[in-house]
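> Dropping a structure here in structure tokens format, bear with me for questions.
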Amino acid sequence: MSVFLAVDHVHQVFDLPGGGQYIALKDVSLNIRPGEFISLIGHSGCGKSTLLNLIAGLAQPSSGGIILEGRQVTEPGPDRMVVFQNYSLLPWRTVRQNIALAVDSVLHDRNRTERRTIIEETIDLVGLRAAADKYPHEISGGMKQRVAIARGLAIRPKLLLLDEPFGALDALTRGNLQEQLMRICQEAGVTAVMVTHDVDEALLLSDRVVMLTNGPAAQIGQILEVDFPRPRQRLEMMETPHYYDLRNELINFLQQQRRAKRRAKAAAPAPAVAASQQKTVRLGFLPGNDCAPLAIAQELGLFQDLGLSVELQSFLTWEALEDSIRLGQLEGALMMAAQPLAMTMGLGGHRPFAIATPLTVSRNGGAIALSRRYLNAGVRSLEDLCQFLAATPQRLRLAIPDPIAMPALLLRYWLASAGLNPEQDVELVGMSPYEMVEALKAGDIDGFAAGEMRIALAVQAGAAYVLATDLDIWAGHPEKVLGLPEAWLQVNPETAIALCSALLKAGELCDDPRQRDRIVEVLQQPQYLGSAAGTVLQRYFDFGLGDEPTQILRFNQFHVDQANYPNPLEGTWLLTQLCRWGLTPLPKNRQELLDRVYRRDIYEAAIAAVGFPLITPSQRGFELFDAVPFDPDSPLRYLEQFEIKAPIQVAPIPLATSA
């Protein structure tokens, strides 16, 4: 359906009297369809009324825009009508005269008879015929609000804006007016946006409920689709379990935001913190292509230029790296994309340990390789693999670096898309990337999913060929991220910004083909890729099929297309996959978890420090290769459509404290 109203990357900043600024709204985007009823909810100070005023044209956004039917909103207009909590009726005019004032002012191009007809029809529409000639002091509060709504509808607006219209009314009157408003909007075909604190009101009236995060810098945290058919009956809705599922979703979001506000207040650093922030930082990594920005920032002095002394420590396994983080032997690390989420939740029976990621360091860069004997058997595609496995009782033994590693998650997704159950039809073996090539040569495994370094070495040795790259499954996926302990980040935010700034500059160099020789020279040092650097960083990718190597653009992605943005939308997808394969329940408190892990504020400060433009990716979903749409606001619905999955559980997850 076409877009009627678009809120396009809106920022709203207010200057403070004593200097400084207050960021009310930050990068808010929303598309509204014709005839849709949208409710905005969130705690006080989250910018609900600010957003409503921007849509009304009563204020202009600091950046971004409001687009109504293809035209930018720059001022109030008769196509929009605002109904406030206070009725704003003229006390010396009757109900009819208050409505007529709006009609005569706006619809002055209509003749007198037409205007009178509109007034009388509107009086009947809101059920005020008996009170048409009464003055405001002669009618109840509920009737006054109906007059305000009638005045709004009488000018035939395309968009009705309501700012807590029933907040001051008693429960009975409020309930009656809610049902009347629902009927009126449906009969008139009006598009409506309403601010409310009442979750039951939002569910009754809305097609979608937009949940805003805490201010300052409020954003859209989640959008809930209310899929009850219309016309709606309150009691019928409340008798269904689905109603309470939706209600709990709203309340859960608000509770998470309340906890986030308390946590932010408790974690606010003392004014003297900046001067005493740590400048010597130990960072861990596993050698591979993904460590290129880390190596470049270190060897070209980008960390040092920003006053940092960085010590890099390499590890053979992800378990060893995680142990060093937990023991306080590292201040941060180049981590698997899902690792900050997993550590903060305490996956694998570990104690929850809060990790934040302010930067995605690399994207893509992996593949799925099989032993060459399967190439000789004619396995050149996923379909071929399915046919081969159907004809033999053999189960493939496929090595993965870690159950939560992106190569493992993409491998599972890829297999399941063809009807292969990764828990039954193949055997997944956890293995250090260092061991994979030799294990394949020895016949201990039939293939593996890993980064380009291991793939290239296996192909060069004549032991493997590539069946698929991760670009074939999810182009642009997050691969490695900068992970920092939350407790350390709270007292060293400026150091974290400097780390990110250096890595941003390094990522830009790594994505510049003119810098290839320079990068090879750095990475061929023994602590990084060593002698394998020349093979791994060759310009063309060898699939091991006997064909000429192929150039694959963005096989490794370190900078272009907002590659470094720490995207909570991608984090939601990661949570669905961890849940899909039984590694964790789908967290009911996922918004709280995502807000803690994905530190976009640090990223944005680093972007500003480096001077790169701040361009945020879309936050409204995506598809992998199988074209199954992923909606970040409905992760459970996304999971339920897959036939191959572990039993799905949804539960609140106890999160780590910062200490």
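Placed from the backbone N, Cα and C atoms, the Cβ positions cover glycine too.
Here Swiss-Prot flags 5-239 as domain 'ABC transporter'. The ATP binding site annotation in Swiss-Prot covers Gly42, His43, Ser44, Gly45, Cys46, Gly47, Lys48, Ser49. Per Swiss-Prot, region 'Linker' is recorded for 255-278. What Swiss-Prot records for 279-659 is region 'NrtA-like', and it gives a curator's inference as the kind of evidence.
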> Of all the binding-site residues given, Ser44, Ser49, which residue's CB has the most CB neighbours within 10 A?
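Selected residue: Ser49.
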> Compile a sequence-ordered list of residues in the same chain as Gly47 (ATP binding site), six or more apart from it, whose Cβ lies below 8 A from its Cβ; state 'none' when nothing qualifies.
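Correct list: Gln12, Ala24, Leu25, Val28, Leu212, Gly215, Ala218.
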> Near His43 (ATP binding site), how many other Cβ atoms are within 10 Å of its Cβ?
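Other Cβ atoms found within 10 Å: 17.
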> So, in DSSP terms, is Gly45 (ATP binding site) helix, strand, or coil?
coil
> Near Lys48 (ATP binding site), which residues of its own chain have a C-beta under 8 A away, given they sit six or more steps off in sequence?
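Expected: Leu40, Ile41, Gly42, Val195, Leu212.
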> Excluding Gly42, His43, Ser44, Gly45, Cys46, Gly47, Lys48, Ser49 themselves, which residues in that chain have a Cβ inside 8 Å of the centre of the Cβ atoms defining the ATP site?
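Along the chain, the qualifying residues are Thr50, Leu212, Asn214, Gly215, Ala218.
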> Just counting, how many other CB atoms are there within 10 A of the CB of Gly45 (ATP binding site)?
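I get 15 for this one.
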> Restricting attention to the domain 'ABC transporter' (5-239), give the mean pLDDT.
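Across the domain 'ABC transporter' (5-239), the average pLDDT comes out at 90.
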> Just to confirm: which same-chain residues, 6+ apart in sequence, have a Cβ under 8 Å from the Cβ of Cys46 (ATP binding site)?
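In sequence order, the residues whose Cβ lies under 8 Å from that of Cys46 (ATP binding site) (at least 6 apart) are Leu212, Thr213, Asn214, Gly215, Ala218, Gln257.
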